[in-house]
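Listed in TrEMBL:
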type	residues	note
COMPBIAS	69-81	compositional bias 'Low complexity'
COMPBIAS	162-177	compositional bias 'Basic and acidic residues'
COMPBIAS	377-389	compositional bias 'Basic and acidic residues'
DOMAIN	228-364	domain 'MoaB/Mog'
REGION	69-91	region 'Disordered'
REGION	162-187	region 'Disordered'
REGION	369-391	region 'Disordered'
TRANSMEM	348-367	transmembrane segment
Amino acid sequence: MEWGSARRVAASYGTPGSPVDVPLAEALGYALAGPLTALVPSPSYDSSAMDGYAVAGPGPWRVVGRVLAGDPTPGAAGPAEPGTPPGHGARTAGTGVLFEPDALIPQSVTAAEPGARIPQPGVRILPPGTAVEIATGAVVPPGADAVLPYEDAVVLPGDGMKIESRPVGETGREGRAHGGRHIRRTGEDYPAGTVLLAEGTALTPAALALAAATGYDTVRVRPRPRVGVIVTGREVRASGLPEPGRVRDAIGPLLPGLIARAGGHPRFGTRLGDDRAALAEALRDKGSDVVVVCGATSVGAADHLRAALKDVDASVLVSGVACRPGHPQLFAALPDGRAVVGLPGNPFAALVAAVTLLVPVVERLAGRAPRRPRTARGRDLPSHPRDTRVVPVRYDGDGVVPVGHDRPGTLWGAALADALAVVPPRWDGDTPVELLSSG
Ligand SMILES: Nc1nc2c(c(=O)[nH]1)N[C@H]1C(S)=C(S)[C@@H](COP(=O)(O)OP(=O)(O)OC[C@H]3O[C@@H](n4cnc5c(N)ncnc54)[C@H](O)[C@@H]3O)O[C@H]1N2
Ligand code: MOO
C-alpha cells in the first residue's frame, strides 16, 4: 500500500474513549474532549500594568491612598477604609489603604466622561485630580484613567502628597499619563466564554497554564489508549552486550517515549521467542487498546505474526507499505476492535513503521485532532522510483539535509536527526517535504 494511504488507515481507525475529568497537574499530553472556554474575562479585573500611581483626570494629583496586588477593589463596597498617609515618595509594603475616608466619591453620570463605562450603583470612584499609589497587578480604582509609573512621576513639595507627570522627553520616554495607559482593562485579552482551544487539542505546558489562568482545576479530556508492546525474537536480549547471534533490544526502548508523546499509555507486555502459539495467546490479552508486535513481520521460518493474526481471526488492513525502510510493516484489527501494529525487526525500519502506523492510531484513539503538517525545503534527499523514503535529516539554513547513518539496522542517523523527512516517490527536489518527529 502507498505510504500516505497506510498512514490514513491508521489515523482513522477506531474511536476515542468517553471523556474523563483529569486534574490539571496530571493532564499534560491528554487531548481536550471539548472546546476549552474562558470561565472569566482576561484580565478578570482592571489591573495595573506598572508600579506607580493610578491617576484620575488631568494632573497634578493629590495622592489619597494606596492599593497593592491582592487588595480588594477600592471603593467597591461600603465606606472607604481610613488610613494614614506615607511620607513623600515612601513605598512601604502593607495593605491597601485610603488616607482620606471620603476620598472616593459616589459615581454619578456627570462624573463619567463621554464613552466611559455605565455607572454602577454603589461604586465609588477616584475623583479627577486625585491618585492612589498602586502596585503592578493591583485593582485599578474606578475613575482612574491611567497609571503613571514611579519613574515618570515627580513628587511636588508641600503638605500632603502631590505628584505631577514628568515633562515629556525628560525620561527619554513619553512621561504623560494619558487615557488608559498602563491599565489592563477587564476582558481586553478575551471575554468570558471565548473558545480558547478547540476540541482535540493536545495539552501542552502552555495550554495547561492557560486553563489554570482562567480558573480550571480539572480538564475534560479523552482517556489515554493503553498500548502493549510484545518484543519477539530468540536472539533479542533485554540487557548486556550484543554478541554473535545475540542483539540488544533496540525497539523496546524506542517505544515508550513515542507512545507517550502521541498521547498513549505505554505498558510493557511481554518478550517472546519465535513461537506462533505464544504470540497468538499474547494477542488475545485484552489489557491494551493497541498491541505493538516488534519483529516477526517478514516471511522467514521464524516470522509468525501473520499466522498468529490468522489464528486470532484478525483482519489485516495494511499488509506491507511501499516505503524504505520498513516495507514489511502491518496494521490489523482484532475481532473486538483492538488494533495490532506490526513493526519490522530492523530498528530503523521499526521507527519508520511506528511513525507511519503506530503514532497515527495512538493519536486518533487519544482524541487528538489531526495536526497541521510541518514541511521544509529539502536538499540532496534520496528519492525512489516507486517507494516513499523516510530519511533522517537536520536543519541547515532554510531547509533540511540528510544526516546519513540511516541503514535499516541502525538508529544512529535517527538519533542524530532533527526530524524524519518523508520523500515521495520521484521527488522533484523542489516541492517541500513533510517532516515527522524523529523520536
Ligand atoms: N525474503 C525476504 N526477507 C526479508 C524481507 C523480504 O521482503 N523478503 N524483508 C527484509 C526487511 S526489509 C526487514 S525490515 C526484515 C523484517 O523482518 P522481521 O520483522 O520479520 O524481523 P526479524 O526477522 O525478527 O528481524 C529482522 C532483524 O532485526 C533484528 N531485530 C529484531 N528485533 C529486534 C529488536 N527488538 N531490537 C534490535 N534488533 C532486532 C533481528 O535480529 C534481525 O537482524 O525482514 C527482511 N527479510
Ligand atoms: O524494512 Mo527493512 O525495511 O529495510 O529493514
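Glycine is treated like the rest: Cβ placed from N, Cα and C.
Bear in mind that TrEMBL entries carry predicted annotations, made automatically and left uncurated.
The structure displayed is predicted, hence computed values, not measured ones.
Looking just at the domain 'MoaB/Mog' (228-364), the mean pLDDT is 94. Across the domain 'MoaB/Mog' (228-364), DSSP assigns 41 helix, 40 strand, 56 coil.
Applying DSSP to the region 'Disordered' (369-391) sorts its residues as follows: 0 helix, 9 strand, 14 coil.
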